[in-house]
Structure formats: C-alpha cells, structure tokens
Amino acid sequence: MIIGAAGGNYWVRVLDFAMLYVMLALGLNVVVGFAGLLDLGYIAFYAVGAYVAALLSSPQLTSQFEWIAHLFPGGLHAPIWVIVPCAMALAATFGVLLGAPTLRLRGDYLAIVTLGFGEIVRIFMNNLDRPVNITNGPKGITGVDPVSLFGFDLSKTHSLFGFNFPSVYNYYYLFVLCSLFVIFVCVRLQHSRIGRAWAAIREDEIAAKAMGINTRNVKLLAFAMGASFGGLSGAMFGTFQGFVSPESFTFWESIVVLACVVLGGMGHIPGVILGAVLLAVFPEFLRSTMGPLQNAIFGHQIVDTEVIRQLLYGLAMVLIMLYRSEGLWPSPKHEDKIAKIAKRAGKKPVRA
C-alpha cells in the first residue's frame, strides 16, 4: 500500500511481475543451483503453465471443438484450484520429457539441447493454429478468466476498512502467497535427502553414483520439480494478464530468469529471491527515470530510453560478474559452516 501511494498502481504491477520472477527463479534454481544442470530453455515451462490456464479458462476450446461446447455450454471456466494443479503437472511432465534424453549430457551440450527445447515449445505454440486451431497461433488467446477465490474476484477493486484495493494489489497478495509456498517447498527440498543427493551430483556425479545415488531418477526429479514451479508461475501470469501469446516466452526471458539465479547466488534461496526482485525492478526504474533525466539536462531526449536501459542493464551485469562472480548473496561455504558450528561448540576450527 505504501508503494502504491508513493508511485501509483504502476509500481505495484512491477512488484506483481517481481513475484512471478521469484517463482521462476526459484524453480530454475532447483535445476541450476541445487542439481548443477544448466537449463537455457526454462521459459518453456512458464509457457506451458500460461497456456494451460488460458485454455482452461477462456472460450478458445469451446469455440473450436463442438463436443467440448456441448459438454460445457457456458464455456470452459475452470476454477484456479483446477488450473494450478493441471499447469504444474503438465509442466512437470514436460520437464521429465526434457530431462530423459539429456541425462548423459553436461555443460555446453546440455545448454544447447535445453535452449533448443525452449525454442521448440515457443514455435510449437506459435504454429498450433492449424490444421486445428488450439493456441490461436501468433494472435494468442484472449478472454482468459481472472482469478476468483471463494467468489472474490481479484480483477475488481474491493474496499476493506475504508481502503480500496485495486486488482494489482489483490494479485500481488496472491503472488506473495504462491511465492511463499514455493520458498517453503524449496527450503524443505534443499535440506532433505533429495537435496543432498542433488548437491552430490552437482559437486561430483561419478562420486555420487559410487555412493549409491540413483543419478537418473534424481536428475529427472530436479527437472520435474523445477518445471512445476515454472508452470505455477505461468498459470498466475496467464490469469493476471488475461491474454497469452508466444511472444511472451522468448529466449531472452530464459536468459533473464537465469540471470536472476546467477546474480543472486546459485543454490542460495535468499540470494535468488534478491536477484529476481532486482532484475524485475531495476529495468523499470531505469525506464521511468532516463527519459525525465534527459529532458532535465538537455531539454529533450537524445537517446531512446529503451536503449539506455539495456546498456545500463548490461553494464550492471558485467560489473557484477567481474567483481561478485559468486552473486550478490552467495551461499555460505562449507568451511565457513564448519567454523561456525565449531565456534558454537567452543572449539577452534581446523582448516586444511
């Protein structure tokens, strides 16, 4: 509410997308940070979740298939309780489909395959308007129903205790709850037996196999879990926007989500959250300040604000990679954890 009062609904909407990036970054962190598997096509799972939400809560399917229109005369208007599990389950299935043929790949080869997978999904959605029109091709799907919880329509302005809550506020609270759910699951996974297996594979896959870890199943689980969080974020995006099209799921978006993980600190949940929020807010801050700043100094705009935004965005990323290669908030080193435990026990730590 404070941000809304200071900067209007625009900045609350920016925070809405920041929460979506938090969910995406945490999902990718499961694959990249926990298991050490580079994924450059992660945005594909975001697209799967968004299209599931669009198809289940819009007139698209009923207008194309008579048998669906006969079963649902009023149109498909699935509740969010149905959309979210379906989006997460289908995205997880796509995650397994991606992971299965890439189990033996590492490094650059894995990155190339995942990049291709992300582009295949986007192109597939872009061309799935013939011979049967399912996704409406590049035009996208419109008329996606907003989220309604127990009759509470989040797309409308509501009053409570004398305060008005526009739709961007309502969705913000929903996205925060979803982000907290993802954070809770990630924390539990990281400190579970599965999380330790992921860490073992990340550090040395051969040694992990020697210790009896089923690397095949553990890797597939990492892809599935990470993809399911991407599907959740995509479903929230689709219902929030009310419109879904392939242009929202370009390769650039995959790079931004990966940058969130690398910038914050791979494998460190608080760092990943910080990176996601910064990369969601910082570009919009530059967009809103560069134009007025040029007008104040030169009297008119010399360089397009979008160009300046991208230049400063890239410069900031390069500087961070040069001087903070482990991220802004990296995970504590193993030696530091041992030293901290020894200090609590009153013993002097021994370093190798």
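Our numbering is plain: 1 for the first residue shown, then up by one each step along the chain.
Any Cβ shown, glycine's included, is placed from N, Cα and C.
Counting only same-chain residues 6+ beyond the ends of the transmembrane segment (18-38), those with a CB under 8 A from a CB of the stretch are 45-46, 107, 110-111, 114, 172, 175-176, 178-179, 182-183, 186, 189-190, 195, 198-199, 201-203, 218-219, 222-223, 225-230, 232-233, 236-237, 240, 256-258, 260-261, 264, 266-269, 272-273, 275-277, 279-281. Annotation comment: TrEMBL describes 18-38 (among others) as transmembrane segment.
Residues annotated as transmembrane segment in TrEMBL: 43-60 (among others).
The transmembrane segment annotation in TrEMBL covers 80-100 (among others).
According to TrEMBL, the transmembrane segment annotation covers 107-125 (among others).
For the transmembrane segment (171-189), same-chain residues at least 6 beyond its ends with a Cβ under 8 Å from one of its own Cβ atoms are 12, 15-16, 19-20, 22-23, 26-27, 29-30, 34, 147, 149, 154, 195, 225, 229, 232-233, 236, 240, 269, 273. Under the heading transmembrane segment, TrEMBL lists 171-189 (among others).
Away from its own ends, the transmembrane segment (220-243) comes close to residues 16, 20, 23-24, 26-31, 34-35, 37, 39, 42-54, 57, 80, 83-84, 87-96, 98-100, 103, 140-147, 155, 171, 174-175, 178, 182, 185, 189, 194, 198 of its chain (Cβ-Cβ under 8 Å, at least six residues beyond either end). Sequence annotations record features per position, and here TrEMBL assigns transmembrane segment to 220-243 (among others).
The transmembrane segment annotation in TrEMBL covers 255-286 (among others).
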